[in-house]
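Below: one structure, written as structure tokens.
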Amino acid sequence: MKPQPGWPSSSCPSPSFSPHRVDVCVVEMRLSVAARKLWCIRKQLIVLLVPLLFLPLLFTLPEKEGKCLYVVLLMAIFWCTEALPLAVTAMLPVCLFPTLGILPSKKVCIQYFLETNFLFLSGLLMASSIEEWGLHRRIALKVLSIVGLQPAKLILGMMMTSSFLSMWLSNTATTAMMLPIANAILESLFGDLETLKEKCKSPSDPELDLINGQSSVKLHSLPSVATEKQTLSGERSEEVEQCDPRTPEEIQSEAQYQMKVWKGFLICIPYAASIGGTATLTGTAPNLILIGQLKTYFPNCELINFGSWFAFAFPLMLIFLLVGWLWIAFLYGGLSPRLCFRKNERAEAEAKAKAVIVEEYRKLGRINFAEGAISFFFVLFAILLFTRDPKFFTGWSVLFKKGYVSDAVTGVIISSILFFFPSQKPSLSWWFDSRASNAPYVPLLSWKKAQESVPWNIILLLGGGFAMAKACEESGLAAWIGGHLQPLAEVPPAAAVMLITGFVACFTEFASNTATIIIFLPVIAELAIRVSVNPLYFMIPATIGCSYAFMLPVSTPPNSIAFASGHLMVKDMVKTGAVMNVLGILCVSLAINTWGVAMFNLTDNPDWAQTNRTTQVL
């Protein structure tokens, strides 16, 4: 009797040796095949089985509350597992809420394009025009040329640039743009990465085999990152190897230190991009979810707008960026006074890295008309949003009828101008010169570019969140859940803030931050009402905390991009990200309990929250 094809020769002995073991191996093989097949169709199984699993909710809970909870849990599972595309799950309220008798269709559909969505759309259009004309690249290279070339300073420069760009661009686009710039500078400082890995390699260290690509797991870089890196760094000339008087142990030690610094560069960029997005309302979707749900639950609350949010969140971003930089620089060797080189090599490496930055900035040439125009509209966009109604001084909105002009109006006005403002300097002589070429008119932003670069699925995701919040309010589900959270009233509010922020930050490690805040913000709002605390005291930290996902590659797209470079391991992100999460929770607690209390008067239970509570009871 011969072994059947497909039997693992290493784990299964010869059939003639033990028939019982052969049967066990056959069963294990069949179970393994079945498990692999089930894994292949896991999403389809989730879509089919989860609705059946939650059916008892429709019959065991109060009618409207049970139906709404059924839809909320269904969407939560689909969002967390991505059994359906996120945008498709976001559209489920359109079919489920009306058919289950929770909300009429006209109330559901209108949630998908509230003014909050228009504010988000205008921010995305501005970001598209910035990317179209390369202004973000000019900003990045200029900052890096200023900060200096010591590891700690360069890491700080990377984090400052990434966070600033992420305030206006998406954190994914920021990370994809900054990583190749970082790699080019690192190659100039430390030489070729593969050579550096060989110097680090130790025969008895299996983890370095993973770093050096010996693992069976294949990590693929994103094409956009690789292409931009090649463009930035260019072809490296071969250098004649010189005799190195150091011992192999010294070379290996120095190479390992350089590799740590390299990892620090790569890991700081996605973290800074996630931190920077919290500073503006348009920087990340959860901030806009907060605004939309405030309008749903507390329509009389007018404390949060672009200006007031920026005044609160920008100092928080700076503090967290500073402590995060200290932690990353300490962990990855950036705070060492040496630059991983002997004195003569240090000067040479710094000169090469400086040359890369200067050369790439020189290639951009002088700032052209389009970049200047985009810079002007970008600054105007920020100033108008900030000064419309910042709460701590009188804004320009008083020039118009009260309540008519919002941040969305401001954003759409500026973004609309981009579609007709010329990208080339207008010339009157063109009209009178018959020999002048009739070049096509090119605006700062075309609709084709907008269609390609704007993530329309996120707008649907926002709409799905607003529809869910509306259903939770009108069905009474939020009040029903809040009634079961009464024991939490015994927890001091300051401790509750830390618990809420920590829980949301942990949950968002495994789910989209937008989906996370959509699911939990209604519950958090009801909890605040039940314990007689200003709802903003709980809702603002939760909103910011759901952007603090640092521990896993799958937590956010920026983390995935950095991990896909192939130079980071999961344990690197977990080790760094766990402390970053703790630092983030502490920074948010500090902010909300100091200047947050003063800005939003968080010590009082406001009238707008009491009014909402009375309405729900009636």
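Along the chain as shown, residues are numbered 1 onward.
Using N, Cα and C of the backbone, Cβ positions are placed for all residues, glycine too.
Sequence annotations record features per position, and here TrEMBL assigns transmembrane segment to 45-62, 68-97, 109-130, 150-169, 265-289, 309-333, 369-387, 403-421, 496-524, 536-556, 577-598.
Within the same chain, the transmembrane segment (403-421) stays apart from the transmembrane segment (45-62): fewer than three Cβ pairs sit under 8 Å, each pair at least 6 residues apart.
Residues 116-117, 119-120, 122-124, 154-155, 158-160, 162-168, 170-172, 174-175, 178-179, 182, 185-186, 305-306, 309-310, 313-314, 316-317, 320-321, 324-325, 328, 332, 385, 407, 411, 458, 461-462, 465-466, 513-514, 516-518, 521, 543-544, 546-550, 556, 558-559, 561-562, 565, 567-568, 572-573, 576-577, 580, 584 of the same chain sit 6 or more residues outside the transmembrane segment (265-289) yet have a Cβ under 8 Å from a Cβ within it.
Under 8 Å from some Cβ of the transmembrane segment (577-598) lie the Cβ atoms of residues 271, 275, 312, 315-316, 319-320, 323-324, 327, 494, 497-498, 501-502, 505-506, 537, 540-541, 544-545, 548-552, 555, all in the same chain and six or more residues away from its ends.
When each of 68-97, 150-169, 309-333, 536-556 is checked for Cβ pairs under 8 Å to the transmembrane segment (496-524), 536-556 comes out on top.
Counting only same-chain residues 6+ beyond the ends of the transmembrane segment (68-97), those with a CB under 8 A from a CB of the stretch are 42-44, 46-47, 50-51, 54-55, 57-58, 61, 103, 105, 108-109, 111-112, 456-458, 460-461, 463-465, 467-468, 471-472, 475, 477, 510-512, 514-515, 518-519.
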